[in-house]
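Scroll down for the structure; my scribbles are underneath it.
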């Protein structure tokens with residue numbers, strides 16, 4: 001997924017990823033129906049995660065139908081293709097994992113594949129950085145010096161790296177000798193690539209990762225030391241940000257986006273505005289003043305707020321229930337010291353935290369749904 005893009009397309013990065021993902025899911029489901037139909041059992045839906053997922057899917061579908069623009073809900077936003085069609089493909093991917101995921105894939109393929117691909121595209125970012133900053137190559141795609149590589153948008157790249165860094169920790173701990181050195185090098189490449197995104201996700205995400213790992217693996221004294229260190233780092237970063245933030249009012253700032261979206265969601269609190277209709281919600285409220293010509297915003301820049309805006313309070317309830325159930329199942333599966341599920345838990349926690357702070361790529365989103373599918377299959 002991270003490597004999929006189409007340079008000549010009008011939207012060259014995210015839309016090709018969505019298109020490839022959708023065709024891939026269709027192929028998986030078709031082959032599964034042809035060759036493995038007898039293996040499909042309704043017993044899978046005894047899982048509370050699976051039941052909540054299906055209810056949440058139903059709520060999203062119904063609220064999209066009665067939303068302010070069903071056609072747009074169906075197709076999605078121009079820059080993202082994030083409508084019902086894509087959402088149903090995501091649910092289809094989840095169902096494929098529920099029905100056909102094999103437990104021996106946990107240790108053999110999953111984290112190894114992600115970490116290896118991350119190493120490759122991180123080298124891509126580093127090469128782009130050398131071309132841009134040393135050789136002044138103007139053909140390197142960048143956002144005022146920030147690199148996005150195969151994701152185009154630097155914040156998409158930063159989010160995906162932060163969520164998948166735990167795969168390197170897993171590989172490093174599970175490997176020996178020269179193989180371990182390879183994964184250590186891959187982790188270093190990832191951190192360097194993260195730096196070149198110039199995104200606030202980088203320092204914030206590293207703090208979150210360190211906090212979660214210290215809470216899981218350190219004893220009380222170690223947690224206190226790491227916690228105090230991280231708190232000092234967080235305060236220092238916050239002070240630096242306050243000192244360097246724009247002094248003028250930023251119309252596309254987070255505060256304005258969040259408040260306008262929230263005020264608009266209160267106008268349709270039960271059923272929301274419909275999937276992918278956050279732009280209608282943004283235009284429906286004014287803060288702090290009425291503007292004759294406002295900026296265009298098509299996402300709420302936070303997944304929970306996005307669900308509330310588009311699917312109403314019922315969508316939000318089942319969305320939060322889904323997150324809580326996935327975390328709960330991963331905690332239970334991790335209690336016996338299973339490092340696979342501990343790593344998956346860290347990834348899901350980082351995903352949930354990061355997805356509340358920014359728009360995310362579909363490459364990052366399917367990590368969560370894959371995890372949800374895996375825990376739905378476990379007893």
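Cβ atoms are placed via backbone N, Cα and C, with glycine included.
Note: TrEMBL annotation is automatic and uncurated.
Keep in mind the model is a prediction, meaning the values are calculated, not measured.
The transmembrane segment annotation in TrEMBL covers 20-37 (among others).
Outside the transmembrane segment (49-71), and at least 6 residues removed from its termini, the chain residues within Cβ reach (under 8 Å) are 83-84, 87-88, 91, 94, 98, 271-277, 280, 310-312, 314-315, 318-319, 321-322, 325-326, 329, 372, 375-376. Annotation source TrEMBL lists transmembrane segment at 49-71 (among others).
Among residues of the same chain six or more beyond the transmembrane segment (83-101), those with a C-beta under 8 A of the stretch's C-beta atoms are 18, 21-22, 25-26, 28-29, 32, 36, 39-41, 44, 47, 50, 53, 57, 60-61, 64, 72-77, 275-276, 362, 365-366, 369-370, 372-374, 376-377. Annotation comment: TrEMBL describes 83-101 (among others) as transmembrane segment.
What TrEMBL lists as transmembrane segment is 113-134 (among others). Counting same-chain residues at least six beyond the ends of the transmembrane segment (113-134), those with a Cβ under 8 angstroms from any Cβ of the stretch are 2-3, 140-142, 145, 147, 149-150, 157, 161, 164, 167-168, 170-171, 183, 185-186, 189-190, 192-193, 196-197.
Only residues 6 or more beyond the boundaries of the transmembrane segment (154-172), in the same chain, are considered here, and those with a CB under 8 A from a CB of the stretch are 2, 13-14, 111-112, 114-115, 118, 122, 125, 143, 146-148, 180, 183-184, 186-187, 190, 193-194, 197-199, 201-202, 205-206, 208-209, 213, 339-340, 343, 346-347, 350-351, 354-355, 358-361, 363-364, 367. The feature transmembrane segment is assigned by TrEMBL to 154-172 (among others).
The list of residues near the transmembrane segment (179-196) in space but at least 6 beyond its ends in sequence, with Cβ under 8 angstroms from a Cβ of it, reads 115-116, 118-119, 121-123, 125-126, 128-129, 146-147, 149, 157-158, 161-162, 165, 168-169, 171-172, 202, 205-206. Taken from TrEMBL, the feature transmembrane segment applies to 179-196 (among others).
Annotation source TrEMBL lists domain 'O-antigen ligase-related' at 186-320. Restricting the average to the domain 'O-antigen ligase-related' (186-320) gives a pLDDT of 82.
The transmembrane segment annotation in TrEMBL covers 202-218 (among others).
The annotation transmembrane segment is assigned in TrEMBL to 225-243 (among others).
The annotation transmembrane segment is assigned in TrEMBL to 307-327 (among others). If you look at the transmembrane segment (307-327), the same-chain residues 6 or more away from its ends with a CB under 8 A from one of its CBs are 48-49, 52-53, 55-56, 59-60, 63-64, 67, 261-262, 264-265, 268-278, 281, 300, 345, 348-349, 352, 368, 371-372, 375.
Long-range Cβ contacts of the transmembrane segment (339-357) within its own chain (Cβ-Cβ under 8 Å, at least 6 residues beyond either end) map to 106-107, 110-111, 159, 162-164, 166-167, 169-170, 173-174, 201, 204-205, 208-209, 212-213, 216, 301-305, 323, 326-327, 330-331, 333, 364-365, 367-368, 371, 374. According to TrEMBL, the feature transmembrane segment maps to 339-357 (among others).
Long-range Cβ contacts of the transmembrane segment (20-37) within its own chain (Cβ-Cβ under 8 Å, at least 6 residues beyond either end) map to 1, 4, 85-86, 89-90, 92-93, 95-96, 99-100, 362, 366.
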